[in-house]
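See below for the structure under consideration.
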Amino acid sequence: MSAAASSEEAVKASKVLMVGAGGIGCELLKTLALSGFSDIHIIDLDTIEVSNLNRQFLFRQSHVGQSKAKVARDAVLKFRPNININPYHANVKDSHFNVDFFKQFNVVLNGLDNLDARRHVNRLCLAADVPLVESGTTGFLGQVTVHVKGKTECYECQPKPVPKSYPVCTITNTPSKFVHCIVWAKDLLFAKLFGDKKQDNDLNVHSKDDTSSKTDVFERSVDEDLEQYTQRIYDHVFGYNIEVALDNKETWKNRRKPNPIYIRDALPEDAVQQNGRSQDHVNEEQDPSAMVSLGLRNTQEIWSLADNSRVFLEALKLFFDKREKEIGSLIFDKDDQLAVEFVTAAANIRASSFGIPLHSLFEAKGVAGNIVHAVATTNAIIAGLIVIEAIKVLKGDYQDYRMTYCLEHPARKMLLMPVEPFEPSKSCYVCSEVNTKTTKLREVIEKVIKGKLGMNLPLIMVGATLVFEDGEDLEEDEIANYALNLEKVLAELPAPVLNGTMVTVEDLHQELKCSINIKHRDEFDEEKEPDRMVLVGWSGPVDKQTTSNGETKSVPSSSNTEDVDGTAEDISATSGMKRKLNEILETKENFDALENLSGVDSSSAQVVEDDNDDGLLMFDEDPRQSKKKRLQ
């Protein structure tokens, strides 16, 4: 039988699960259908938004608000009516999408946009012993990786970085980048004006007239005129608060001093009287927009200080005029046009005060929403690579599996960089191994749960069955029962722990909870693995925090290039690799592109999320420094 015939048969006989029907998902479903796949299932929680239409080509204006999975199915069936496509408008983390559900598929193809869901799917694939093909894109960059239990590393074999935090003092007092102004406008000012009033906030709430008063300057009195209120807020945050910051002479010895901006400085008197509104434009649209009210149409135009001031005043007024019921519970959303207008204007006014270049609404939205704008052709390339790897998986050609990276700049006339997959990490806390037939529960508790995870009073659940609990308030019969379980091997517990079992471990005192996927292995190296377990530790990331005035605080990054920190290793040191990464990356512009993709510097790796759901693109390792083994 020829290779082509073998591939065709493998494709026709397969049952495929797609998770995600967005930017990558649309391209992937189309490619699967045209490649001969005839039994496809799709899970996607999202509904279609207007911003999806520029690249998620299966959707049209009339589909806005409808299920992505269902509309994608209907669109593909129009040109492939004889295939079976089952859509699920649901969250992949719903309980009915369990291990048994995953076991029915030959391969799972991910097109997700967040780490939490990716980890969940990875663990279900491990438990169900189903191969997983991961993917992600951001701008011109993309990647496809293959994860097969026992043959390649799982998605979590290398710890994923977490969002970087900015020092509170930098955000509130000494911004030097536009992203600092965006974080200030989004996480401090927007949250203070429209969010939960009970949340801590580092903005100065004392007015110029009475700094000793306990009155919050951001509170609007019942009889206060709205135009007077909006101007008062403007003068307080952009004028008075800057003057307060300037009082600390020591801060500005080696820094450029900011300029306080008051409404009288930014707008002519007649415009102030109108609260910045244009008399010629009335906002009659269902969703209020300051830009529409003011006759501003071009989102890629950089507004002047006067225009930013008008937008700020108008957006603030529209929130109180049109959306007053939402005030107190609002959270910034990059798809909320009025919120984006407000944050853009506020960030630009602050940037102007600190001598930082202004940005357009289009650019500011990208920074505020962690957006790297999607490129449809990148999604198409990645979708094609996913299908290629899926066919290899279905044929069992594991020697030919490749992790493939799509580059922005060609190196040696190549835009696609294939790398052989790596073997499973023995230190992975997700797919590590234990002999369930000989290892006792006591050993797992002492060596892993207490020794590695650091829990003191663990509670252990296998499914809905409580197999162990530690604490002072237990009844005597409970203590006796749990003591018996301690001496049982995992496979003989009341709820047997076997290969693929998910165990939930919790310490209520520490408020720590995690899940461990158990992987069985019969034999171990007595010298290297004396514990007969390769579950060697918790390798999850730790949130970074910053200290301000003696307090520990955390302000998440809004930058699309400065999101997270991690460790970098070199995979180019591996001998026998088909194409050594250091050779492919020897041109500076190409490595710069990968640095933009991963945020890698000499000691860190970063994550970039694109604008909606085209995936989280991650290149966890610096290609110049890794020592990992490739799959043999």
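Even glycines carry a Cβ here, placed using N, Cα and C.
As recorded in TrEMBL:
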type     : residues                            : note
BINDING  : 20-25, Asp44, 52-55, Lys68, 113-118 : ATP binding site
BINDING  : Cys154, Cys157, Cys428, Cys431      : Zn(2+) binding site
ACT_SITE : Cys169                              : active site, glycyl thioester intermediate
DOMAIN   : 263-365                             : domain 'Ubiquitin-activating enzyme SCCH'
DOMAIN   : 433-524                             : domain 'Ubiquitin/SUMO-activating enzyme ubiquitin-like'
REGION   : 538-574                             : region 'Disordered'
COMPBIAS : 544-561                             : compositional bias 'Polar residues'
REGION   : 596-632                             : region 'Disordered'
Among all the protein chains here, how many other CB atoms are within 10 A of the CB of Asp44 (ATP binding site)?
26
With every protein chain in view, what's the tally of Cβ atoms within 10 Å of the Cβ of Cys169 (active site, glycyl thioester intermediate), excluding that atom itself?
15
Tell me, what is the mean pLDDT of the domain 'Ubiquitin/SUMO-activating enzyme ubiquitin-like' (433-524)?
83
Integer Å distance between the CA atoms belonging to Asp116 (ATP binding site) and Cys431 (Zn(2+) binding site):
17
Specify the nearest of the recorded positions Gly23, Asn54, Asp113, Cys169 to Cys154 (Zn(2+) binding site), where nearness means the distance between Cα atoms.
Asp113
List the Cα distance (Å, whole number) between Cys157 (Zn(2+) binding site) and Asp44 (ATP binding site).
25
By DSSP, how many residues in the domain 'Ubiquitin-activating enzyme SCCH' (263-365) are helix, how many strand, and how many coil?
57 helix, 0 strand, 46 coil
Ranked by the number of other Cβ atoms within 10 Å of their own Cβ, which of the binding-site residues Asp113, Asp116 ranks first?
Asp113
Alpha-carbon distance [Asp116 (ATP binding site); Cys169 (active site, glycyl thioester intermediate)] in Å:
30
How many of the residues that make up the domain 'Ubiquitin/SUMO-activating enzyme ubiquitin-like' (433-524) does DSSP mark as helix, as strand and as coil?
24 helix, 27 strand, 41 coil
Cα-Cα, whole number of Å: Asp44 (ATP binding site) versus Cys428 (Zn(2+) binding site)?
28
At a 10 Å cut-off from the C-beta of Cys154 (Zn(2+) binding site), count the other C-beta atoms across all protein chains.
25
Quick one: give me the count of other CB atoms within 10 A of the CB of Cys428 (Zn(2+) binding site).
24
